[in-house]
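Report on the following structure.
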Amino acid sequence: MLQRLTARMNTLLIFQTSVPVSGYGVPLCVFVVLTCYLPVIPVVCTVRCQKFLISRVGEDWIFLILLGLVMALVSWVMDFCIAICLQAQKWMYGGLDSNVLLQYLAWVTYPVVLITFSAGFTQILAPQAVGSGIPEMKTILRGVVLKEYLTFKTFVAKVIGLTCALGSGMPLGKEGPFVHVASLCAALLSKFMSLFGGIYEVNILFVCEIACGVCVAGVLFSIEVTSTFFAVRNYWRGFFAATFSAFIFRVLAVWNRDEETITALFKTRFRLDFPFDLQELPAFAVIGIASGFGGALFVYLNRLIVQFMRKQKAINKFLMKKRLLYPALVTLLISTLTFPPGFGQFMAGKLTQSETLVTLLDNRTWAKQGIAEEFDYIGHSEAWKHPQVNVFVTLVLFIVMKFWMSALATTMPVPCGAFMPVFVIGAAFGRLVGESMAAWFPDGIHTDGTIYPIVPGGYAVVGAAALSGAVTHTVSTAVIVFELTGQISHILPVMIAVILANAVAQSLQPSLYDSIIRIKKLPYLPELGWGHHEKYNIRVEDIMVRDVRYITLNCCYRDLHNVLLTGNLKTLALVESAESMILLGSIERAQLQSLLSQQLGRPRRLEYIRERAAAEKKRLLVLSNTDNEDGNQRASHEVRFQVSHTVVTKCCCDQETEQMICLKSLNAAKAHFHSLVCVLQIAEWEEMQLDEQVNFNNCKIDPAPFQLVERTSLHKTHTIFSLLGLDHAYVTSIGRLIGVVSLKEVQVLLQVILVYIWSILYHVQVYSLPSSHHYGCLVLLSLSIVFPFVLCPPPSLSISAASKTTEKPLLYVNRPGSGERIVAKCSATCLSLTFRRFCSAFHQQTKKKTTKADKAQPLAVCLSITRRHC
């Protein structure tokens, strides 16, 4: 642009100097100015407006506005296409009402085709789009780079595959995958727009961007399910983008005449003056506790299905070849069971998820005195009425069937979530409790004589929030329920139920997303449970790896070569010397490989070969000159003879043939000899190069790698790893390198503490002890699993009495499947068997002998059994 302006200025000056001012000079200058600058004015104005807008508003706010707009458009288009697909299925089913067989074929074939297309399209274009996407986003936000998860191909596969999957009518959800879609939009916007390029390379703002995919309450939900620690300064940005996205989405719904005005998605009409009685709170608490067990069972059932498919090698091998067969069979099974004229008539099979949720949130009672009544109005609620069974049977069948169907459907290799199916199941369970309460107390349970009928829809709201919160381990589902229904009258029952459900579910199972992370073995650090004081007793020195791979400052290239061959570590520690072990920094593996390739690479090798060739040529030239001088001297003393011409010619021909054969053989042997000599010389040269000292001047060294002291607690280590997204940290003592702790060690230890801490009960047998020990008793503990949620048996734990030779009782840990026994001694004055001692003994033992079966066995839990001195 500056060059164009300069050229136009030069033209203007030429015209001013060449044309006289008198007469036509001034009009001509004006004409020249207009012709030169008019095309440039719009461009200059655009650039200045852009700079002014960025300086006044801020580029991050513009980015969030565009992100919210794009997500609103994507969400509205997807909902529009999903509604068309569901209407097409109903149109096909209703148009064939004269033939039940054709109705069945239409009802079953339509979802099978859509699910098969979704699975095939996703598998071909981007397999990373399969599933919810939240587990992968949790891993990415922690700092781990997952390939192809934030690309344009994944975005296309996710949107189209999710639309087809939801349009099939299967019990699948949209909310979880939409978090991944929002993340994809944010990544693509920052990549393809030069204005915002590189703004969000730091992923601390990523949570704000992924919160745009759902409603305003989804900000809280996205933060809860994706991040352990959240920067509060980004809170306002998340709400800003989510509010703008929700506003555009609702405006588009009004513009498309789906709604008359901007209102709640599932509008309810609960009684506001007296929504519930105080005596109903125990019923709401029961809903929360039952939902906690139900959420844990759902997560366990989902994981059990996946593990069963993986463990059956024959089935797994067959399905790997026929990838589309499994989703087709699952869809066929679910569609057959929900066929309305068949078994689906007993579980409201003809209703979609949205229609089911609308009917479950109805504030009118469906039954009185346990008998199904006629509904007051004609609508979707008729689907719950059956002439042979009452509403209670229908709701029970719906809950049971949808429970395992949803757990099975979410294992299909298609883009899908589980939030909405679980939300609907929870609403049905709450509705069941509400209908039961309404049947038991037809006039309400108010004690002053005033009749306030029980509202079953309120119980459905409480059940939906409780079960979805139990499955996802979030409390923000309560806020989501308030926003979806548009009422806040049941805030206290909802909060009570959600908190109780979370307390029960978290004590039994991980969340659904953490369970998927464990199944996929993603490098994610699980949360550290609250209320366990043992995490303060475990130190870094108990779990660190003492055999550290390192390089010294005065090492040679041979040492680099050996270190690179013996391991595949991404970074290596740089110490001053092997004696002092003073940590100077860390070097990436790529840098070391670059140093080694520069020392032994092709350029230096060719240079050495050229030098050797030049030296050999010079030597041969000197030898040839010497041979010529000797030949001339011999020629002067020779005697000449004459012989017959014919005979000479014949002898010469024979001699020439023999000489040619000899020369060829000699040349071949010479070439082979030279090649051998060349290889030997290169090998000798490489050995010489490997013995040279490494020059680290041209190498990028991290002078301040993250370090921990050996007395750092597990709690602090977990916090540091989570906040900084560390993969490993060096353990030092007064600057000396003594070990390294990586994400793997922390994960293993957290598995010890968190997985078994609540899911194992203990069978106690009391044995008497000598009175001199003041312990009262010593207990023989054998770890026995009483819950079905833990699949692998832990080692058994036992404590022996003090023997005559020692006053220290011994802790025996018997590993299952082997006769090995790990022994840890406890103090004679206090029987405090801490995690620290057990983990240290267990780590040292498993380090010596480890088989595949032992690796598959989960580590034992060693509870801190404290019996203080009397």
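Just so you know, glycine gets a Cβ as well, placed from its N, Cα and C.
TrEMBL does not curate its annotations; it predicts them automatically.
Values in this document were obtained by computation on a predicted structure and should not be read as measured data.
Record note: among 416-434, 454-472, 777-795, 416-434 is the stretch given as transmembrane segment by TrEMBL. In TrEMBL, the feature transmembrane segment is placed on 281-303, out of the ranges 281-303, 488-510.
For the transmembrane segment (324-343), same-chain residues at least 6 beyond its ends with a Cβ under 8 Å from one of its own Cβ atoms are 93, 100, 103-104, 107-108, 111-112, 115-116, 118-120, 123, 168-171, 309, 318, 349-350, 401, 405, 408-409, 411-414. Taking pairs at least six residues apart, the transmembrane segment (235-255) and the transmembrane segment (416-434) share fewer than three Cβ pairs below 8 Å and do not count as touching.
For the transmembrane segment (107-129), the residues of the chain that approach it from at least six positions outside its boundaries are 85, 88-89, 92-93, 136, 146, 148-149, 151, 153-154, 156-158, 160-162, 164-165, 167-170, 180, 323-324, 327-328, 330-332, 334-336, 339-340, 412-415, judged by C-beta separation under 8 angstroms.
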